[in-house]
Amino acid sequence: MTLDYHIALLLILALPLAAFFYASVGHGGASSYLMLMTLLSFPINEIRPTALVLNIVISGLAFITFRKTAPLNKPLFLSLILFSMPAAWLGGLMEADPLWYKRILGFLLIFPALRFFNLLPAGNKAPIIRTWWMAPLAGLSIGFLSGIIGIGGGILLSPLLLLAGWAEARQTATISALFILLNSVAGLAGVASEGLAVSRELWYLLPLAIAGGILGAWYGAFRTRPQKLKYLLATVLLIAAVKLIGL
């Protein structure tokens with residue numbers, strides 16, 4: 001695919017901005033990359049793997065940065081990722097049309113976003129006691145859906161961790177970033193097993209995404225208060241919801 005002037009200009013402006021915004025809450029930004037490449041008519045077989053590669057890089061940068069301010073909760077992380085990665089790989093193998101999965105996910109994301117903006121009643125603020133099966137089941141479900149759609153799962157995992165009271169804002173970003181990284185690797189492996197087609201424009205896109213991702217992760221980890229981080233996450237969730245629903 002050859003990029004014309006207008007497409008190249010849009011990518012130069014939009015890609016680093018998306019990477020900045022998502023990395024600031026420990027996410028990779030796959031949903032934004034999927035939307036951008038779809039709008040710009042990238043070949044359909046290149047969109048999901050290219051988005052996953054970008055997701056791997058940006059979530060990796062976010063994890064390296066956030067772990068300096070909020071160490072990884074290893075027991076919680078392992079109970080999520082050990083079940084999520086195989087499910088993400090399996091989801092990546094599927095050829096099913098993800099349209100309805102995306103729409104359902106989009107509507108579901110609206111509720112935690114409104115909650116983080118304090119627009120819904122808080123209810124009981126006591127943390128949900130985590131029994132042995134809860135995190136594995138969550139990881140399994142998030143991983144499978146993420147693999148089908150071509151995302152890392154952070155837009156599902158982050159609100160779950162915060163609303164359940166299993167992690168505070170920056171710790172959530174640390175867990176989510178590594179979760180997204182490994183899930184994206186598993187999802188990409190599933191896609192690659194059926195033949196991998198990554199856009200040749202990836203090598204132009206990567207430096208733009210990296211620049212935005214580095215700045216965004218630094219801002220979220222070192223310059224933002226935890227409550228403001230929740231507002232940023234809520235904004236990310238609403239943007240993702242609108243894109244997934246297709247409004």
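Every residue gets a Cβ built from N, Cα and C, even glycine.
For 47-64 (among others), the entry in TrEMBL reads transmembrane segment.
Summarising the annotation, TrEMBL assigns transmembrane segment to 76-94 (among others).
Residues 25-28, 30-31, 34, 47-48, 51-52, 55, 59, 76, 79-94, 96, 98, 101-102, 105, 109, 112-113, 115-116, 167, 171-173, 175-177, 179-181, 183-184, 186-187, 190-191, 233, 236-237, 240 of the same chain sit 6 or more residues outside the transmembrane segment (132-161) yet have a Cβ under 8 Å from a Cβ within it. TrEMBL lists 132-161 (among others) with the feature transmembrane segment.
The transmembrane segment feature in TrEMBL is assigned to 173-191 (among others).
Cβ atoms under 8 Å from those of the transmembrane segment (203-222) belong to residues 3, 11-12, 15-26, 29, 33, 50, 53-54, 57-58, 61-62, 64-66, 68-70, 170, 173, 229, 232 of the same chain, restricted to positions at least 6 beyond its ends. Per TrEMBL, the feature transmembrane segment maps to 203-222 (among others).
Taking Cβ pairs closer than 8 Å, the transmembrane segment (228-246) reaches residues 21-22, 24-25, 27, 31-32, 34-35, 102-103, 105-107, 109-110, 112-117, 155, 158-159, 162, 169-170, 173, 220 in its own chain, all 6 or more past its ends. For 228-246 (among others), the entry in TrEMBL reads transmembrane segment.
Residues 25-28, 30, 48-49, 52-53, 55-56, 59-60, 62-63, 66-67, 70-73, 76-77, 80-81, 84-86, 88-93, 142-143, 146-147, 150-154, 157-158, 161, 167, 220-221, 229 of the same chain lie 6+ residues outside the transmembrane segment (173-191) yet bring a C-beta within less than 8 angstroms of a C-beta in it. With a threshold of 8 Å between CB atoms, the same-chain residues lying at least 6 positions outside the transmembrane segment (76-94) that come near it are 130, 135-150, 153, 157, 166-167, 175, 178-179, 182-191, 193-194.
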